[in-house]
């Protein structure tokens, strides 16, 4: 399966890793920069912790970088 591993950076996952994931969470700069985003491949969907969100899928390029809401001018 082909997953995004970074912004506009699709790569073929290693054997045995057939799940793409998008994990997001807030850090100290969340209010000014938005959530931290991690994209990648995994054998199984990562475990969701209380402070982050995880979305998993299993088709090629199904985990693009999330669109961040824009602030009004």
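Even glycines carry a Cβ here, placed using N, Cα and C.
Swiss-Prot annotations:
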DISULFID  3-20  disulfide bond
DISULFID  13-41  disulfide bond
DISULFID  26-30  disulfide bond
DISULFID  45-56  disulfide bond
DISULFID  57-62  disulfide bond
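Structural mapping of features recorded in Swiss-Prot.
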{"residue": "3", "record": "disulfide bond", "DSSP class": "strand"}
{"residue": "13", "record": "disulfide bond", "DSSP class": "coil"}
{"residue": "20", "record": "disulfide bond", "DSSP class": "strand"}
{"residue": "26", "record": "disulfide bond", "DSSP class": "coil"}
{"residue": "41", "record": "disulfide bond", "DSSP class": "strand"}
{"residue": "56", "record": "disulfide bond", "DSSP class": "strand"}
{"residue": "62", "record": "disulfide bond", "DSSP class": "coil"}
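A straight line from the CA of residue 57 (disulfide bond) to the CA of residue 41 (disulfide bond) spans 10 Å. Distance from the CA of residue 3 (disulfide bond) to the CA of residue 30 (disulfide bond) is 25 Å. Rounded to the nearest whole angstrom, the C-alpha distance between residue 56 (disulfide bond) and residue 13 (disulfide bond) is 14. Sequence-distant neighbours of residue 26 (disulfide bond) (same chain, six or more apart, CB under 8 Å from its CB) are 35, 36, 51, listed in sequence order. Residue with the densest Cβ environment among the disulfide-bonded residues 3, 13, 41: 3, by other Cβ atoms within 10 Å.
In this structure, 30 is the one among the disulfide-bonded residues 30, 45, 56 with the smallest number of other Cβ atoms inside 10 Å of its Cβ. Each of the disulfide-bonded residues 20, 57, 62 was assessed for Cβ neighbours inside 10 Å, and the highest tally belongs to 20. For residue 20 (disulfide bond), the spatially nearest entry among the disulfide-bonded residues 13, 41, 45, 62 is 41, judged by CA separation. Between the alpha carbons (Cα) of residue 45 (disulfide bond) and residue 3 (disulfide bond) lies a span of roughly 13 Å. Between the alpha carbons (Cα) of residue 41 (disulfide bond) and residue 3 (disulfide bond) lies a span of roughly 6 Å.
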